[in-house]
Amino acid sequence: MRVENITLNNFRNYAKVSFKPHPSINIITGHNAQGKTNLLESIYYSLKGHSFRADRDRDVIKWQQETAVINTEIMVSSRQFLIQWLIKASGKKFRLNGTEVPRAELDQFGVVLFCPEDLYLVKGSPQERRRFLDLEVGPLHPGYSHACRQYARVLSQRNILLKEIRGRQANPDILDIWDEQLYRHGARVIFLRLQVLKKLIPVARSIHLELTNGLEQLQAKYLSSLVLDLSFSEEQIYQVFSQAAKQIRKLEIDRCQTLLGPHRDDISLAINGAEAKTFGSQGQQRTVTLSLKLSVLELWYREFGHYPVLLLDDVLFELDHNRQTMLLDKLQDKVQTFITTSFPGGIDDQIKQVGQIWRVHAGNLTG
Ligand SMILES: Nc1ncnc2c1ncn2[C@@H]1O[C@H](COP(=O)(O)OP(=O)(O)OP(=O)(O)O)[C@@H](O)[C@H]1O
């Protein structure tokens, strides 16, 4: 998949810009605060329907303006698409090839982002790893995002109900109806996570080995709040979930919290047997994150037959020279990549030959 053209109107600090990226490697350079990340953000926004760093859509509209527009032409396996976003403070509109369609249509377009905040995937709380599972790994299975939304809805209703039961405003018997849905959707979410991870982890291990010249073995394992065997069917997970949850129902009412389920699960990450979060150096943690991101990219290719677009925001030149070269060799001519940096001096001649360098200054882009 390739972004062939992107036009921005009043997006962040870009008043008007049109950008025809190189099909392989695009290096976006410029001093700090000129609009490099904003450009990556616009690509991400057009393909995902939201920003990776703004909580509110209105934040991406250029200050003192009413509307931001992003028009993106992309090519996926010889098919052309035009994605159009019109973003206002009051809401946003999405068109695909000129027609308003459900946003789920965007699921067919892939984008993988690696930015400095992603290091929390290794060193942060379980919540960060669940975000990775829900937003990046899970969607490699077409039914995952829907199952995840269903589970989140039931979970939030159930937690409200637990509070009402404890305050004697609701009858505990009503819980049975919600619990049944909680176990069904929860078992589906866990089952799909395990299915995707079964494929993803071996890919991540082999990429990690490659990036570290065979020196580091990556171990990744799903940690569930339920006692599970990885070979369990969805029905078996349902049984385990319902039996375990029934035993702690009283405790859950006391705490007004649902204590078991996919929202309590995690992934353990280790390098050569030592937990990456506690023992990994910054560079090792960065490489683990990169291996996981690249494995999403690779698995996407195996599942859907094309590579997603890759966005590397301020992370490539933090890797040592060997890892940079290894990475660029892997991506070159296969994955359209957008890399930001404020240190153009660090750019290797190899990159200059296989891609294009762009300069950003105060919301203006030159090639
Ligand atoms: N909605 C907005 N309207 C106008 N300008 C904005 C808006 N949001 C952010 N900016 C401006 O965009 C600039 C930041 O751009 P960006 O984050 O892309 O910088 P960068 O080039 O990636 O910098 P760095 O190298 O420091 O990461 C800041 O000057 C900020 O004031």
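A Cβ is built for glycine as well, from the same backbone N, Cα and C atoms used for every other residue.
Source: prediction; values computed, not measured.
What TrEMBL records for 3-342 is domain 'RecF/RecN/SMC N-terminal'. What TrEMBL lists as ATP binding site is Gly30, His31, Asn32, Ala33, Gln34, Gly35, Lys36, Thr37.
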Thr37 (ATP binding site), number of other Cβ atoms within 10 Å: 20
Which of His31, Lys36, all binding-site residues, has a Cβ with the fewest other Cβ atoms inside 10 Å: His31
CB-centroid shell, 8 A cutoff, ATP site Gly30, His31, Asn32, Ala33, Gln34, Gly35, Lys36, Thr37, site residues removed: Asn38, Thr340, Ser342, Val360
Per-region confidence, the domain 'RecF/RecN/SMC N-terminal' (3-342) (mean pLDDT, whole number): 95
Cβ contacts of Asn32 (ATP binding site) (under 8 Å, same chain, 6 or more positions away): Ser342
Local Cβ density at Ala33 (ATP binding site) - other Cβ atoms counted within 10 Å: 11
Those binding-site residues listed as Gly30, Gly35, and which of them has the most Cβ atoms within 10 Å of its own Cβ: Gly35
